[in-house]
Each structure stands twice: as structure tokens, then as C-alpha cells.
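Here the structure comes first, spelled out in C-alpha cells, and everything after it is commentary.
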Amino acid sequence: MARRNPLLFAIVVTILFVVCYGSALIAQTPPPVDNFVASAHYGSFKKRHGKAFGGDAEEGHRFNAFKQNMQTAYFLNTQNPHAHYDVSGKFADLTPQEFAKLYLNPDYYARHLKDHKEDVHVDDSAPSGVMSVDWRDKGAVTPVKNQGLCGSCWAFSAIGNIEGQWAASGHSLVSLSEQMLVSCDNIDEGCNGGLMDQAMNWIMQSHNGSVFTEASYPYTSGGGTRPPCHDEGEVGAKITGFLSLPHDEERIAEWVEKRGPVAVAVDATTWQLYFGGVVSLCLAWSLNHGVLIVGFNKNAKPPYWIVKNSWGSSWGEKGYIRLAMGSNQCMLKNYPVSATVESPHTPHVPTTTA
């Protein structure tokens with residue numbers, strides 16, 4: 001990946017906002033950050049996260065990245081009145097390039113999403129008019145997990161969707177194995193990226209729809225390695241197929257309401273410094289990260305999606321982020337997929353098993 005000067009990041013952000021949104025925004029170059037103020041915040045950051053660096057060169061590099069991120073957070077806050085960005089989170093000493101390399105997969109998505117098409121059919125029943133849904137409250141969402149230094153967001157997104165569909169259809173909630181996909185799925189590329197529908201396709205082709213429990217095949221790729229597949233474990237859930245949902249937020253909301261959580265891809269470039277609130281103006285160029293929609297609230301101002309991430313519970317709102325509904329924030333509607341699960345409580349849905 002080509003190196004960019006992190007000191008230009010905030011200015012580039014400003015220019016891109018103006019180009020994309022025209023006169024609706026007033027360009028603001030973030031003010032310089034005083035070294036004394038930055039040093040005080042940096043000291044608190046290191047203490048909070050137990051950070052220690054070897055040598056003056058590395059220390060200086062981390063401080064400069066942190067200082068630049070203070071400017072970036074300032075700018076993002078000026079553009080998002082309902083959200084808060086700051087440098088208290090664990091990623092604040094990374095340059096944007098380092099963050100992207102460690103936690104995002106832009107190259108994989110660019111190579112493999114060209115032929116992604118939505119399925120025509122989703123649900124024949126009329127919308128119910130439900131204004132808010134949170135599948136966490138319905139017992140269909142497992143605790144927030146952590147992918148670590150492995151580019152396995154796709155596996156966490158796919159498995160989170162299957163966990164949610166399994167529980168929403170009437171089965172008991174069970175934490176399922178991301179490691180099964182990271183190590184064994186030979187359609188995707190482990191820590192180097194993957195796609196959620198490809199993962200579901202592999203489950204159908206190679207496992208007859210069966211997914212192991214996390215307890216029987218725990219996650220071990222947090223350090224960035226891909227252990228060999230041992231392809232054995234206790235089956236915790238079974239899918240009957242998968243669907244690529246319409247690229248339409250209302251249709252996605254219908255699926256979330258009636259069926260359960262949905263796996264989606266987003267541009268998470270600016271999530272590095274997200275702390276809380278509803279993101280209403282997300283910088284987005286291309287998809288690079290897989291996450292899980294677990295609910296929405298149309299009554300809120302602004303209305304928002306509830307999105308589960310896989311960077312641990314110390315990130316964002318205890319591992320979650322809220323994105324404003326209706327304006328394709330972070331390109332959330334561009335790649336929605338869901339597994340299907342057989343249940344006596346839901347009608348038959350056409351599936352893709354390829």
C-alpha cells in the first residue's frame with residue numbers, strides 16, 4: 001500500500017468533503033495542536049492503554065500520529081453534530097495508513113465485489129410500520145468480539161449474522177466459530193480478507209450448512225496468523241442458504257425487523273477515532289470492512305442504525321456504532337447479505353446455495 005503523509009490527512013479530509021458535498025459544508029482546516037496540550041493527552045492515552053514504545057524514534061512517530069489524530073477528531077466533530085470523535089480510544093497512536101493496513105481490507109473488497117448482485121425477492125408481506133428494533137434486547141446477539149490483528153472482519157460479520165438468524169428464528173442463542181471460517185474456508189483468504197456471502201457459500205458447499213460452536217473451535221488468529229484447519233467441532237447452528245439483499249435501506253430495515261441481524265460492508269476509514277453518538281456525515285470512498293446491523297431506531301433524531309463491530313468492547317459505544325438512516329452513511333446499503341435458517345416460525349424464503 002502506498003504511503004501517504006499523515007500530516008496532510010485532515011486537509012485532504014476537508015477538500016474531499018467540499019468536493020463531495022459542495023456548499024452544504026464550510027471547509028475548516030483544523031487549528032494547530034499545541035505541543036503541551038498534545039503531550040498531556042498523549043500521556044493519559046498511554047497510561048490508559050498501557051502503551052510503551054522502544055526508542056525515541058518510535059515514541060516520536062507515535063506522538064506525531066496522535067497529535068495529527070487530535071486535529072482529525074476536531075474536524076470530524078465539526079461535521080458530525082450528533083457524534084463524538086476523540087483520541088481516547090486504543091487506535092489513536094496509529095496513522096491512517098497503519099490503521100487501514102491492520103484493521104481494514106480495501107484491496108480485497110475492490111478485487112472481489114465487482115459482480116455482487118442483489119436477489120430480487122426478499123419478503124412478500126407488507127411493512128409493519130415498526131419504528132425501532134434492537135435484537136440485543138431480544139437475545140439474538142452474542143457479546144462483542146475482537147478480531148485482533150487479523151483481517152477477519154468478514155468472518156465476524158458472517159458468523160454474527162448466522163448467530164442472529166439462528167436465534168431470531170426460535171433457536172437458542174449460541175456463539176459460533178469465526179476460526180472455522182478463517183482457517184478452513186478456502187474461498188476466502190483468512191486474515192487477508194474475505195466476503196460474507198462467499199463464507200456462507202463455503203459453509204453450504206463444504207459443511208452442508210453446519211457451523212461449529214466457538215467453544216469447540218475458539219478464535220486463535222488475533223495475532224494475525226492463520227492456523228491450519230482442523231475442521232472438527234460441535235455443530236452449533238445450520239443454515240439453509242443465503243441471500244444478497246436489495247441495496248435499499250427500507251428493505252434492509254424490513255429484513256432486520258422481521259428476520260434478524262444483517263451482515264453489511266462499510267467504509268470504516270474514519271471509525272478509527274469514533275467514540276460515540278450518531279454519525280450523520282461519514283467519509284466514504286470504498287467498502288473495506290464487514291460488520292453487523294443488529295437494529296435501528298426511526299423515532300430518534302436523527303434516526304439511526306445500530307451496528308455491531310469486531311474491534312472489542314472498548315471501541316466506540318461498547319463495541320457498537322450508530323449510523324444515521326436514510327443517507328447510506330459509510331456506504332452501509334451497498335452490500336447487505338444474510339444467511340437463511342429453517343424454522344417453523346417463518347415462511348419459506350428462496351435461497352442461493354450456488
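A Cβ is built for glycine as well, from the same backbone N, Cα and C atoms used for every other residue.
Note that the structure is predicted; figures quoted are calculated from it, not measured.
Looking up C184 in Swiss-Prot gives a disulphide bond to a cysteine among C229, C282, C330, identified as C229.
Which of C150, C153 pairs with C191 is settled by Swiss-Prot: its disulfide partner is C150. In sequence order, C191, N309 are the recorded positions from C184, C191, N309, C330 with a C-alpha within 10 Å of the C-alpha of C153 (active site). Ranking the disulfide-bonded residues C184, C191, C330 by how many Cβ atoms sit within 10 Å of each one's Cβ puts C330 at the top. Scoring each of the recorded positions (N208, N309) by how many neighbouring Cβ atoms lie within 10 Å, the top position goes to N309. Taking only the Cα positions, the spacing between C150 (disulfide bond) and N309 (active site) is 14 angstrom.
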